[in-house]
Amino acid sequence: MKKWMVLLVVLAAASLFVGVHDLSPRELFAGDREAWEVFLISRLPRLISILIAGSSVSICGLIMQQLSQNRFVSPTTAGTMDWARLGLLVSMIAFAAAGPLVKAAIAVVFAFAGTLLFMTVLDRVKYKDSIFIPLIGLMFGNIVGSVTTFLAYKYDLIQSMSAWMHGDFSVMMQGRYEMLYVSVPLMAIAYVYANRFTIAGMGEEMATNLGVRYRSIVYTGLLIVAVVSAVEVLTVGTLPFLGLIVPNIVTMYYGDHLRKVLPLTAIFGALFVLICDVFGRVAIYPYEIPIGLTVGVIGSGVFLYLLVRRTKQYV
Amino acid sequence: MVEVKQVLKRYGGKTVIDRVSLSVPRRKLTSLIGPNGAGKSTLLSMMSRLIPKDGGEIWIEGKEIARYRTEELAKKISILKQSNHIAARLTVHELVSFGRFPYSRGRLTRQDRDYVREAIRYMELEPLQDRYMDELSGGQRQRAYIAMVLAQDTDYIFLDEPLNNLDMKHAVQMMEVLRKLVDELGKTIVMVMHDINFASCYSDYMVALKDGAVVCEGDVSSIMRDEVLRGIYDLDVRVQTIENRRICVYF
């Protein structure tokens, strides 16, 4: 874990000096005002939002996979993101004058209710094929998504909606990303609850046997997921499949003991998004490939790979 | 002491457990037998608060089951269901460590670690302790679950068909282990058994259920009789004594 942490720190520091505007550590040390402005208004917020979004969304995926006992469930494949977007849109229509906190709160309610609905359906479905479940989730999500699109057309809000569709860090500047900090204490809570999530992942009966209140653990987990998802959609936009691939790769090598893999998942999530973002920044320099696209392409590729290689002993 | 009094369970309009009373003998191995649908698993699940009951009382060590905090009860009884198969990738050692959760809430003390080590040693899982559960055979996995229950260190252990999916050799090994838990460690075990002959050879006490009611209970010699078993299973069976064991022939 230490070496990954070191790698993350080095890359994070280096990423501060990658961008259209030339910026070097020497200028910063020299106290150049313009350099400091670029650094504080744009580069640092961008890095912080990458680190927080990458790690928190990955942790959400890990929690969801654990609670549903299914490797393919994540904020994307369970429709959580779609519900959060619908919630945001509804808040824009119904409470146009409300501040971002109120909007986020409404998105949280939608994301929580939608994910809970999905989990309830999952509980009832007898046919527990691990592929079948996320397909239901994706379908669910698409239905919700089309409702959102319909409403957006009707109320002429398509433009603001597209901002939540594709994740983009280039707009992360001072004043736009601060809400992401909400995710930090949530990650800490997730770590405190890690053992309980693992136990809940053993099923309701085993959890009860060990004296754990299964229902309340599931609700706690889903609430964390809903808040992180809503905040992410509102600030960065969607990072598709992130919550699916990062936890899957980590647990493939390190197992499902959450106390152990949760910090690793956070580091890998941040690292993965950081690499994708830096790649997006330099690939067609001086233009940028939005992060949603990079993560989505790499993510769906890895998702396909996981589907194909799913062997009996792993899934 | 576990005492079941007039317990009732309904699913929809159907009564599946009809005012069952039972007192579990301490430091004995008790088998619940009976045909499919007799309500054995349902009764065991109610006795371990996995499902709520619709009437009656279950007393565990002088307190009604519903008045226990679930954390507290986890230190008194443990239950393994036949459906326990864990999707999560955990090593044997990690799984067994979770048996200490009711005590440590996740922060293992030195004493907890001793319990875990001892449980693993007792179930002869030392060479396998760092393997993932999904890499083990059915018999090894079952042993790991029992080790977890051992680490949980409860006086009462409830098992729902512990021999499910085990071949003869592993089934015998499992029963020998359960016998040792009773004889050496003084545990009280209640288990649902399908194989009447395994129940006959290894239990101290047998309880027969049929259509949601206890039809008879007693020690092995009082249950393993032609007329008693015929009444339970509606089948023309004969009980033979072979090498001092009562074996039911039902072919």
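Glycine is no exception: its Cβ is also placed from the backbone N, Cα and C atoms.
Those TrEMBL annotations? Automatic predictions, nothing curated.
Quick look at what TrEMBL lists:
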| type | residues | note |
| --- | --- | --- |
| TRANSMEM | A:46-65 | transmembrane segment |
| TRANSMEM | A:86-119 | transmembrane segment |
| TRANSMEM | A:131-153 | transmembrane segment |
| TRANSMEM | A:179-197 | transmembrane segment |
| TRANSMEM | A:217-250 | transmembrane segment |
| TRANSMEM | A:262-283 | transmembrane segment |
| TRANSMEM | A:289-308 | transmembrane segment |
Counting only pairs 6 or more apart in sequence, are there at least 3 Cβ pairs under 8 Å between the transmembrane segment (A:262-283) and the transmembrane segment (A:179-197)?
yes
Proximity verdict for the transmembrane segment (A:179-197) and the transmembrane segment (A:289-308), three or more C-beta pairs under 8 Å
no
Take the transmembrane segment (A:46-65) and find every residue of the same chain, 6 or more past its ends, with a Cβ under 8 Å from one of its Cβ atoms.
12, 15-16, 71-75, 78, 80, 115, 167, 169-170, 172-173, 177, 180-181, 183-184, 186-187, 190, 197, 221, 224-225, 228-229, 232, 235-236, 239, 242-244, 246-248, 250-251, 258, 261-262, 265-274, 277
